[in-house]
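K.L.:
Just dropping this structure here.
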Amino acid sequence: MEAAAQFFVESPDVVYGPEAIEAQYEYRTTRVSREGGVLKVHPTSTRFTFRTARQVPRLGVMLVGWGGNNGSTLTAAVLANRLRLSWPTRSGRKEANYYGSLTQAGTVSLGLDAEGQEVFVPFSAVLPMVAPNDLVFDGWDISSLNLAEAMRRAKVLDWGLQEQLWPHMEALRPRPSVYIPEFIAANQSARADNLIPGSRAQQLEQIRRDIRDFRSSAGLDKVIVLWTANTERFCEVIPGLNDTAENLLRTIELGLEVSPSTLFAVASILEGCAFLNGSPQNTLVPGALELAWQHRVFVGGDDFKSGQTKVKSVLVDFLIGSGLKTMSIVSYNHLGNNDGENLSAPLQFRSKEVSKSNVVDDMVQSNPVLYTPGEEPDHCVVIKYVPYVGDSKRALDEYTSELMLGGTNTLVLHNTCEDSLLAAPIMLDLALLTELCQRVSFCTDMDPEPQTFHPVLSLLSFLFKAPLVPPGSPVVNALFRQRSCIENILRACVGLPPQNHMLLEHKMERPGPSLKRVGPVAATYPMLNKKGPVPAATNGCTGDANGHLQEEPPMPTT
């Protein structure tokens, strides 16, 4: 990958110090009140001071389910990029990259240059971020296969790439993990040969020792723990069992019901390590969230948003945003990897069904013109296990919407999702953005005491199907709103205004001095090319509309 373009914000509100970037930022929003059936909108403004530490740490990532398809693929991706590997395929030679990663392959607009063109820089250039090639991996798995064998079992990567990676992955072996049969499908028992023995309390202590050992032996400044193991069944929230931090810790000590993922979450929090849940079950029960609050440790979840659901969070936003009343959404999937085999059990499927079904809720609620209170589209989700297709998941969707005057519109979409190749860059982004958030603090004029983000890191919602948010906060599922949130918070950290896409300087008849139009100004009524049709572009497009040549209009007679 090319080095990220450097930039500096020249403003009296931004100071680049040796240790931190400090930026003054005016946060403008609105508050709405209701008086006698009338909505009154009150613009508000809050002055923030953001401080972002510039020193990038040595970061370790521990994956629960390291030997699964996602874990082995992410490890292989980082190694392939670090080693600058390339390999032949039937369509030509491929080179390692980080396509699919928001931080590594996404860009941010800085503004307009002297010619009126937008200038874009890589997402990773906005603030100092850990370089993905510098990440150090470790983790746990109930299967004892080393990472090279796990990579081969997954059947995700081309054979030529696997052969080059084999000697680098063969020495990587997962630590023993926690196996509680009633939480995952019975068909997973054949893999379970690498287990932490003992009581729940003993297992918790062993996980904590593993985290400390990894941090110490690898010389790390920080560790982030990420659950990418099997989907578990939901764990019932019961007062006295897992509703408070104290009760949850007592439950573990007494050996009562607690899921493996919650054990890992508790261990991570107690060790001061951020924990991210990439599966749909309710790992972060109220007691775990309270524990994270007490220890001021970031947690995030739930369920990686990678393929079908990511498309859904765009398409439904488009339909409802266009004024179409979506009334039926039917989503069918079949896949053949281990995730699909585990989801073939009813209780595990139910966890996934819930996370995939709730993704349209906020978009429906945003339009009371279309939907009356309590009204929502019919939404059906089906997942089937078909071993032959492996990691290449097929997703078929049908969206039916009502049009004006009784009409209907139906969209049918087929999406072939390379499951782990879509999930791996999301896991990468989760680790890098979480670590970055750990270096950001801020205060306001009204509250000058520095603080950090809420322990429930809702900024990560772009990357999750069922995003966790702080109590009382709105849940946002619309993809572009989620991306804008991340982009605009990073912009605020360097004193830049939010990206509003207005481009007013290009829409005014007479832009004022502060909105001076830059670049060449087109004639009020531009003439077409007098030499005939627009020449063909290099991509084969001529620019002709529906096959009609662009001809010179007749000159007005005098």
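Cβ coordinates come from backbone N, Cα and C, glycine included.
Got these off Swiss-Prot a minute ago, pasting:
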| type | residues | note |
| --- | --- | --- |
| BINDING | 67-70, Asp141, 177-178, Gln188, Arg191, 228-231, 278-279, Asp303, Ser306, 337-339, Lys352, 390-391, 419-420 | NAD(+) binding site |
| MOD_RES | Ser279 | phosphoserine |
| MOD_RES | Ser357 | phosphoserine |
| REGION | 537-558 | region 'Disordered' |
K.L.:
Is any of the binding-site residues Gly67, Asp141, Arg191, Ser306, Ser420 within 10 Å of Ser279 (phosphoserine) (Cα-Cα), and if so, which, in sequence order?
P.N.:
none
K.L.:
Whose Cβ, among the recorded positions Thr231, Ser279, Ser306, Ser420, has more other Cβ atoms within 10 Å than any of the rest?
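P.N.:
Of Thr231, Ser279, Ser306, Ser420, the one with the most crowded Cβ is Ser420.
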K.L.:
Would you mind ranking the binding-site residues Gly67, Asp141 by how many other Cβ atoms sit within 10 Å of each Cβ and giving me the lowest?
P.N.:
Asp141
K.L.:
Mind giving me a neighbour count for Arg191 (NAD(+) binding site)? Other Cβ atoms within 10 Å of its Cβ, every protein chain shown.
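P.N.:
Arg191 (NAD(+) binding site) is surrounded by 19 other Cβ atoms within 10 Å.
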